[in-house]
Amino acid sequence: RRTKRFASLSRFVETLVVADDKMAAFHGAGLKHYLLTVMAAAAKAFKHPSIRNPVNLVVTRLVILGSGQEVPQVGPSAAQTLRSFCTWQKGLNPPNDSDPDHFDTAILFTRQDLCGVSTCDALGMAGVGTVCDPARSCAIVEDDGLQSAFTAAHELGHVFNMLHDNSKPCANLNGQGSSSRHVMAPVMAHVDPEEPWSPCSARFITDFLDNGYGHCLLDKPEAPLHLPVTFPGKDYDADRQCQLTFGPDSSHCPQLPPPCAALWCFGHLNGHAMCQTKHSPWADGTPCGPAQACMGGRCLHVDQLKDFNIPQAGGWGPWGPWGDCSRTCGGGVQFSSRDCTKPVPRNGGKYCEGRRTPFRSCNTKNCPHGSALTFREEQCAAYNHRTDLFKSFPGPMDWVPRYTGVAPRDQCKLTCQARALGYYYVLEPRVADGTPCSPDSSSVCVQGRCIHAGCDRIIGSKKKFDKCMVCGGNGSSCSKQSGSFKKFRYGYSDVVTIPAGRTHILVRQQGGSGLKSIYLALKLADGSYALNGEYTLMPSSTDVVLPGAVSLRYSGRTAASETLSGHGPLAQPLTLQVLVAGNPQNVRLRYSFFVPRPVPSTPRPPPQNWLQRRAEILEILRKRTWAGRK
């Protein structure tokens, strides 16, 4: 299903909520209401405008595991538990997205103490960027009270491709000192109610959805479970919140001020009675004084709580100015944007929908002929002197673009190959905006997506190259030249040298029987080989990149009919050769390309004053004739 690019669209995360037998034993008859209360708080976090997307977390199924059922294996290892749960939930999920029982993601709540590699401080685990992958869109959460809502939101944030706020990619986006107060903090204590999601989290989920990875979230569920709308503190007082966090013998420590900011609970630790905290605030709605209740970690008068009950939908602000062009020549991209700030949505109100980031082409003129490298080559070459990338590589590398074997969905990643070693790596998750998607394509990369553009480098243009590689031409400026070759001898033989400027090259080997014995080869003007030289053959299909960023598609030596094809135009002469390694029978090589027609010389136009000059000459001739008659 095609969706609008760079648009804010309502997403519905249909969620399967599962609780294991330890949850059932701890919570008893109140388990279902507790789980829905936790999910309501998690859904509220996803409705906050700081995430900058309309994300609706809905519960479509709730399963409580019991004895006698085939259940996932839940144990101390968080990684093993996650793997087991992901496998189990996939078998429970109907594959058809329109099925009412289908879900987009699954989350397991357990009272099992989960452990990571070195410590048992883990509160959950999930894969990153897996939301529409039925086998991996899953998460596990260790229940430790109502604050588990933020653990659930945190793990689902990973499912939406969010990283921890202290990660390197988030450093520039978040700024200094802001990595500990958001949902995606590596260790959560108090989440800022005014901005639960960091700028990095908002950027990552936006890019993730803009790149089409949330396609399964566009359908609205028919009959989701109703989540509680009352503040959780009304159903679970401070004592009960302590019991949910520290165990049934715990109670609230009322003597520790200030109220609401952090929940302190009485209990026993290592045999000593003491007050302890996990630094989470009291749940919203918890009574904190006469006619007072907590909200966002503050103790407010109950009349003020009404302001938090009324949803306010957001509205788009004005369009901003067009930004800088991503390129100075050769076809760049520039953006404008608008924000959902007129007004900002509040209290779970609807986030703005519609296009938020339009873009257009800019600086489409050709780059100077002195530019030795293509735009993608420049981006790869920027890593040539980086010695910190791979410890096993001795010194600087000569990085060049890699096209062969790169899937179409990965065309806009900066995949580069170390020329000397042949290894290739994704050096950047996306190329610069305006980079051609491939050597023979007019389409360009925009924010990591391949966007259609015409041969005039205008995004959305329908102009195409003709056979002569004239943009918008009618094919009249060139003519087809064809030939064949069948005088084969052992070793390499020249077939034809194709001059520079030729377009739409096609070479095809035809006929033959028995074992394959001849192969195509390409030799450059400097004598080096671009394909199948030095008796080394390319077995599979590949893009042969020639000087000037011209690409020819080679079928591979194992193809039944060996072919070479490409649009051109060639920047340098190219010699087509055949390598004969056996006794070819009934084999013929055919080739064709298009040659520019000679431009007819334009007759010299008469001078602008030719009528006056003609009159003057006629007058001179008339006078001479008259004088001759005298």
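Glycine is treated like the rest: Cβ placed from N, Cα and C.
Note that this is a predicted model, so its numbers are computed, not measured.
Here Swiss-Prot annotates a disulfide bond for CYS86; of CYS120, CYS132, CYS138, CYS170, the partner residue is CYS138. If you go by Swiss-Prot, CYS325 shares a disulfide bond with CYS362, out of CYS288, CYS294, CYS362. Note: Swiss-Prot links CYS340 through a disulfide bond to CYS352 (candidates: CYS352, CYS367). Using a 10 angstroms CA-CA radius around CYS329 (disulfide bond), the disulfide-bonded residues that qualify from CYS120, CYS132, CYS340, CYS352, CYS362 are CYS362. CYS362 (disulfide bond) and CYS132 (disulfide bond) are 35 Å apart (CA-CA, integer value).
The domain 'Disintegrin' (233-303): residue composition by secondary structure is 14 helix, 25 strand, 32 coil, according to DSSP. Within the set of disulfide-bonded residues (CYS170, CYS325, CYS367), the lowest number of other Cβ atoms found within 10 Å of a Cβ is recorded at CYS367. Each of the disulfide-bonded residues CYS132, CYS352 was assessed for Cβ neighbours inside 10 Å, and the highest tally belongs to CYS352.
Under DSSP, CYS352 (disulfide bond) is assigned to coil, being neither helix nor strand in the three-state scheme. Annotation note: CYS340 (disulfide bond) sits in a coil segment as assigned by DSSP. Residue pair CYS265 (disulfide bond) / CYS362 (disulfide bond) shows a Cα separation of 61 Å. Cα spacing between CYS288 (disulfide bond) and CYS294 (disulfide bond): 6 Å, rounded to the nearest whole number.
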